[in-house]
Amino acid sequence: MKCFLFSGGDKRGEQKTPISVSLTSIFSDREINRSGSEFNSRDVSGTSTESSMGRKNSYPPVSTRASNLREFSITDLKSATKNFSRSVMIGEGGFGCVFRGTVRNLEDSSVKIEVAVKQLGKRGLQGHKEWVTEVNFLGIVEHTNLVKLLGYCAEDDERGIQRLLVYEYMPNRSVEFHLSPRSLTVLTWDLRLRIAQDAARGLTYLHEEMEFQIIFRDFKSSNILLDEDWKAKLSDFGLARLGPSEGLTHVSTDVVGTMGYAAPEYIQTGRLTSKSDVWGYGVFLYELITGRRPVDRNRPKGEQKLLEWVRPYLSDTRKFKLILDPRLEGKYPIKSVQKLAVVANRCLVRNSKARPKMSEVLEMVNKIVEASSGNGSPQLVPLNSVKASRDARGKNNGGGGEGGWFGKLWNPKTIRAC
């Protein structure tokens with residue numbers, strides 16, 4: 001059987017390698033219709049088939065598309081990053097390294113702006129393709145929930161060809177970081193809802209609001225960054241692909257991505273659609289709810305795969321509370337959390353055609369945010385630390401009495417990719 005290429009996580013220096021994959025779906029089509037009634041919205045099951053509806057099928061050359069981007073010299077970026085010093089390194093992985101730096105503002109040379117400089121590792125053709133992809137996509141798209149690409153550099157120096165990208169600096173790091181034990185900051189429930197909303201807006205723009213469709217293909221919490229106001233923005237488009245051409249339902253491609261986020265039909269067939277991103281978004285919602293990673297080998301065996309772990313707890317409210325992120329310390333409206341889980345469940349239908357489009361997902365999330373805002377001023381600034389969270393402990397304002405809100409669960413299958 002064909003082996004599929006995955007990245008097994010965000011470990012430092014980890015390269016994509018063939019691995020065996022086991023993914024399970026949460027819902028059957030019938031169950032998704034039942035859970036969706038929470039929103040009093042039209043049934044979206046089975047109504048969506050992917051078509052580009054006239055979207056373009058090829059990209060113009062980088063040189064014509066990158067006209068809005070600033071071209072940096074390697075000297076500029078060495079100066080900006082203290083010669084790529086480890087003292088200003090803010091990220092490292094199989095793709096290369098990211099450095100914090102400062103560059104002069106083009107409109108006012110006396111003003112310096114903070115930037116993030118991504119130095120791609122020397123991975124031959126694949127590394128160059130991912131660099132070109134980022135320049136192609138981010139050179140022409142602009143949205144408040146996408147990290148802005150400011151410029152690029154492709155230049156030879158004593159170490160050979162250097163491929164670099166320069167982004168707006170995102171001071172509050174990634175959502176993945178703040179959900180991990182490494183962070184002393186606690187993302188409040190209100191802020192998690194806004195992050196879910198921001199991420200849905202970004203994906204909706206990519207899928208539906210341009211003349212061509214972009215499929216992210218590597219949607220995950222480590223690729224969702226937070227600006228100084230804690231607004232979430234999607235980043236890292238090196239694996240992104242154009243959506244299907246007119247008249248086609250999917251793109252056939254090598255299977256790449258991150259363990260725990262890839263849709264089962266994509267793993268099995270290599271057929272990529274925007275519904276693959278919708279699946280990944282559903283996984284991400286359970287990350288926000290539980291504070292856990294999709295795959296965590298450091299946990300006990302029965303808790304290592306997030307979707308498998310949550311499944312037994314979803315049948316009634318009392319059990320459901322046991323999967324909520326303990327760092328929230330009970331400060332959430334339980335109905336709000338349940339409704340977000342319903343959205344996640346819609347995204348995790350095994351039949352990809354029965355999953356909602358991202359615009360429909362966004363509409364559902366918007367309703368949850370609006371209802372949450374109606375309960376008082378939302379707490380959008382995270383708590384400073386776990387201790388501060390304990391000191392501010394209050395009563396759980398959630399309610400009970402909604403046993404069976406989830407419905408019967410689908411019996412999962414194991415899918416082996418190799």
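Cβ atoms are placed via backbone N, Cα and C, with glycine included.
According to Swiss-Prot, the protein carries these features:
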{"type": "REGION", "residues": "36-63", "note": "region 'Disordered'"}
{"type": "DOMAIN", "residues": "84-369", "note": "domain 'Protein kinase'"}
{"type": "BINDING", "residues": "Ile90, Gly91, Glu92, Gly93, Gly94, Phe95, Gly96, Cys97, Val98, Lys118", "note": "ATP binding site"}
{"type": "ACT_SITE", "residues": "Asp218", "note": "active site, proton acceptor"}
{"type": "MOD_RES", "residues": "Ser373", "note": "phosphoserine"}
{"type": "MOD_RES", "residues": "Ser377", "note": "phosphoserine"}
{"type": "MOD_RES", "residues": "Ser385", "note": "phosphoserine"}
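Feature annotations (Swiss-Prot) mapped to structure.
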| residue | record | contacts (Cβ under 8 Å, 6+ apart) |
| --- | --- | --- |
| Ile90 | ATP binding site | Val98, Phe99, Arg100, Ala116, Arg173 |
| Asp218 | active site, proton acceptor | Asp236, Gly238, Leu239, Ala240, Val256, Gly257, Thr258, Tyr261 |
| Ser373 | phosphoserine | none |
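Taken residue by residue with DSSP, Val98 (ATP binding site) is part of a strand.
Other C-beta atoms found within 10 angstroms of the C-beta of Gly96 (ATP binding site) number 20, with every protein chain shown included.
Burial estimate for the binding-site residues (Glu92, Val98): highest at Val98, by number of other CB atoms within 10 Å. Confidence across the domain 'Protein kinase' (84-369), taken as the mean pLDDT and rounded to a whole number, stands at 90.
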